[in-house]
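Record features (TrEMBL):
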MOD_RES   LYS199  N6-(pyridoxal phosphate)lysine
Amino acid sequence: MSDQYSFQTKLLHNQHKFDENTGGVSVPIQHASTFHQKEFDKFGSYDYSRSGNPTREALEQAIAELEGGTRGFAFSSGMAAISTAFLLLSKGDHILITEDVYGGTYRMVTSVLNRFGIEHTFVDMTDLHEVASNIKENTKLIYMETPSNPLLKVTDIEGVVKLAKANGCLTFVDNTFLTPALQRPLDLGVDVVLHSATKFLSGHSDVLAGLAVTKDEELGNRLYTLQNSFGAVLGVQDAWLVLRGLKTLHVRLEQSARTAQTLAEFLQKHPLVEQVYYPGLPDHPGYETQSYQASGAGAVLSFELKDEEAARRFVNAAQIPVFAVSLGAVESILSYPTKMSHAAMPRKERYKRGITDGLLRMSVGLESAEDLIADFTKALEAAGQAVQA
Ligand SMILES: *Cc1c(COP(=O)(O)O)cnc(C)c1O
């Protein structure tokens, strides 16, 4: 019914625009864990809330439609969604996975799945030759995250899908950084799209949630069985919060991405900034691919200062962003990968991946670009004093 609408309109005008029973213009929160069956041998649409709940289902249908899929699944966190999707694999299977994957996914693959006889190989997913040459006979899944964290490396999704299809592998994309507002991996042939809805989809740093979306009916049925079996479903209050956040996804991301572009260009010109990583900059190595497969570069960027002392002074002097892990919120979030997301990684490994002691990551919120630039100008002055000292 809403097929003719643009993405922006679809966020508001879908089958859950108002409640059929009351006309209420917000999805009702159904707390019931169990549902009365009206007849002895005929059951209603819902029986038990782990298996199906109307509030969670509203969110699941919304994300499925926005991603261009047929089935959506809501989980208690991004990691619950990702971990449940991994249960599509079996003992003896092999995963090809991007080397700069999210830390929680790294931990799941290297310290949990390995105990169940599921092998993995990390590859530079931006290099299709490396991907191709690491596909083994038992490779059943290629796992992508693009743009990646924290260096915003861009993977050619269609290129990887082609290799996967030729070798009978499934493909997953963690679409947390761009959301369906900017990138729709299912349209590019991907099998499962995964999200930490904790980030841009909900957008307000006030809920943990995860989502998975499939297009293929049989795969959707298998994932549904896993969601119901494993049971890490999203609670109804949290499902409502994500639905609420989704309504403003388009305006939030559009505004934040515009500011991110301005900020990236400002940082690129600043003499104290050694490197800026943002796929909206024409000299970013993934710029072409990003422009082809996504409709924007997103709201996350990273930049490199001289060393740890410069980064420390910058963080201490910056007033606007909160200094924290996480991203994708209305408020800007500044983080220090070396001691936050990548603290567990040995220095040598970190440096090999370009994650230096001077690297900072910025998730741009909804503050004015002028205010952010003024704040960063002062913070860079403070960082510069470290260089002179
Ligand atoms: C935060 C994040 C996750 C994990 O999601 P949680 O909701 O924290 O469990 C997975 N992937 C990416 C890219 C993330 O940023």
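Placed from the backbone N, Cα and C atoms, the Cβ positions cover glycine too.
Just so you know, TrEMBL annotations never went through curation; they're auto-generated.
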Residues satisfying Cβ distance under 8 Å from the residue listed as 'N6-(pyridoxal phosphate)lysine', sequence separation of at least 6: GLY78, THR176, PHE177, SER326, LEU327, GLY328, ALA329
Coarse DSSP state, helix versus strand versus coil, of the residue listed as 'N6-(pyridoxal phosphate)lysine': coil
